[in-house]
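So Swiss-Prot lists the following for this protein:
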type	residues	note
BINDING	GLY17, PRO18, THR19, ALA20, SER21, GLY22, LYS23, SER24	ATP binding site
BINDING	THR19, ALA20, SER21, GLY22, LYS23, SER24	substrate binding site
SITE	THR104	site 'Interaction with substrate tRNA'
SITE	ARG126	site 'Interaction with substrate tRNA'
Amino acid sequence: MLDIDKIPADQPVLIAGPTASGKSELALRIAEHSGGVIVNADASQVYDCWRVVTARPSAEDESRAAHALYGHLSYDTLYSAGHWLRDVTPLLKGTKRPIIVGGTGLYFLTLTEGMADIPATPPEVRAEADTLSLETLAADLDPETRARIDMQNRARVQRAWEVLRATGRPLAEWQDDTPPPLLPAKDCTALVVEAERDWLETRIRRRFSMMIAQGALEEARAMQDRYDPALPSCKAIGVPELMAHLSGALTLEQAEERASVATRQYAKRQRTWFRARMKSWQRVSPQA
């Protein structure tokens, strides 16, 4: 059981966890108890167009504590872990203790273990990668890189392929040359929310129905004329499914079910990743 009274008020807090696990609620409790600014570490929550679909903090939540890096980007902005690290850096030096929370493990990894200085991907290399299947991209990667990334996440696999294609060096080699981290985990209260699978899956099944009731369909309808499935912002779970419903390809019930399945699959990958890459972090229950 986590005793938030024992968390040093002047020490940064990191909270990682799978989707729908209650990590944002925990961050808000800590902020209200001992102060701080809640900083987003979830790649889908950086876009201004998706508050409901991506479960960004509500306006009420934002009124209870300071929040940063939520919904601060236009839907068509390309945003990487490197961009996030740049944006979070000044918050580490601010007057309020950062409480960094999210489900994008790569963000936490770059923060606590450092980030390789990899050259930007040339547009022609990215254009070539966009035409290739996930299987084709994966087949070109070296074993060490394959072992380090989520091989079911196209964005991660494509990024690794682009690095190899553009530089001639595997992503794993670049990572091995990484400079010191901005914020080592040992200097933080580093927490991973570990939710029991059945409990989490029940929450996930309820969650999308709640999103529909809260306006997720209206959110998707407002973006329908700008929807581009190639954009990272439009790949957030729930967005393709709702767009398919709006186009007549799926019933709303089918869209809800597909989104729930995709969310459960994503949560499973997140749990696996956190277990493998955050072994030294303190485990806490959602009810902590």
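Just so you know, glycine gets a Cβ as well, placed from its N, Cα and C.
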Please report the Cα separation of THR19 (ATP binding site) and THR104 (site 'Interaction with substrate tRNA') in Å, rounded to an integer.
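Pair distance, Cα basis, whole Å: 10 Å.
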Can you tell me the CA-to-CA distance separating SER21 (ATP binding site) and ARG126 (site 'Interaction with substrate tRNA'), as a whole number of Å?
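On Cα coordinates alone, these residues lie 34 Å apart.
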Who sits close to LYS23 (ATP binding site): which same-chain residues at least 6 apart have their Cβ under 8 Å from its Cβ?
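Those within reach of LYS23 (ATP binding site), by Cβ under 8 Å and sequence separation of 6 or more, are ILE15, ALA16, GLY17, VAL101, GLY102, GLY103, VAL193.
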Which of the binding-site residues listed here (PRO18, ALA20, GLY22, SER24) have a Cα atom within 10 Å of the Cα of THR104 (site 'Interaction with substrate tRNA')?
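So the list is PRO18.
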For THR104 (site 'Interaction with substrate tRNA'), what is the secondary structure by DSSP, using just helix, strand and coil?
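Looking at the DSSP assignment, THR104 (site 'Interaction with substrate tRNA') belongs to neither helix nor strand, so coil.
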When the Cα-Cα distance from ARG126 (site 'Interaction with substrate tRNA') is computed for each of the binding-site residues PRO18, ALA20, GLY22, SER24, which gives the smallest value?
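Checking each of PRO18, ALA20, GLY22, SER24 against ARG126 (site 'Interaction with substrate tRNA'), the shortest Cα distance is to PRO18.
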Count the other Cβ atoms sitting within 10 Å of the Cβ of THR19 (ATP binding site), across every protein chain shown.
22
Taking GLY17, PRO18, GLY22 as the binding-site residues to compare, which has the smallest set of other Cβ atoms within 10 Å?
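Least crowded of the binding-site residues GLY17, PRO18, GLY22, by Cβ count within 10 Å, is GLY22.
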Using an 8 Å cut-off from the Cβ centroid of GLY17, PRO18, THR19, ALA20, SER21, GLY22, LYS23, SER24, can you name the remaining same-chain residues around the ATP site, in sequence order?
GLY103, VAL193, ALA195, LEU200, PRO286
Tell me, if you would, which residue among SER21, SER24, THR104 (recorded positions) has the fewest other CB atoms within 10 Å in the structure shown?
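Each of the recorded positions SER21, SER24, THR104 was scored by Cβ atoms within 10 Å; lowest is THR104.
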How many neighbouring Cβ atoms, not counting its own, are there within 10 Å of the Cβ of ARG126 (site 'Interaction with substrate tRNA')?
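17, counting other Cβ atoms within 10 Å of ARG126 (site 'Interaction with substrate tRNA').
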Within 8 Å of the Cβ centroid of the substrate site residues THR19, ALA20, SER21, GLY22, LYS23, SER24, which other residues of the same chain have their Cβ?
GLY17, PRO18, GLU25, ALA55, GLY103, VAL193, ALA195, ARG203, PRO286
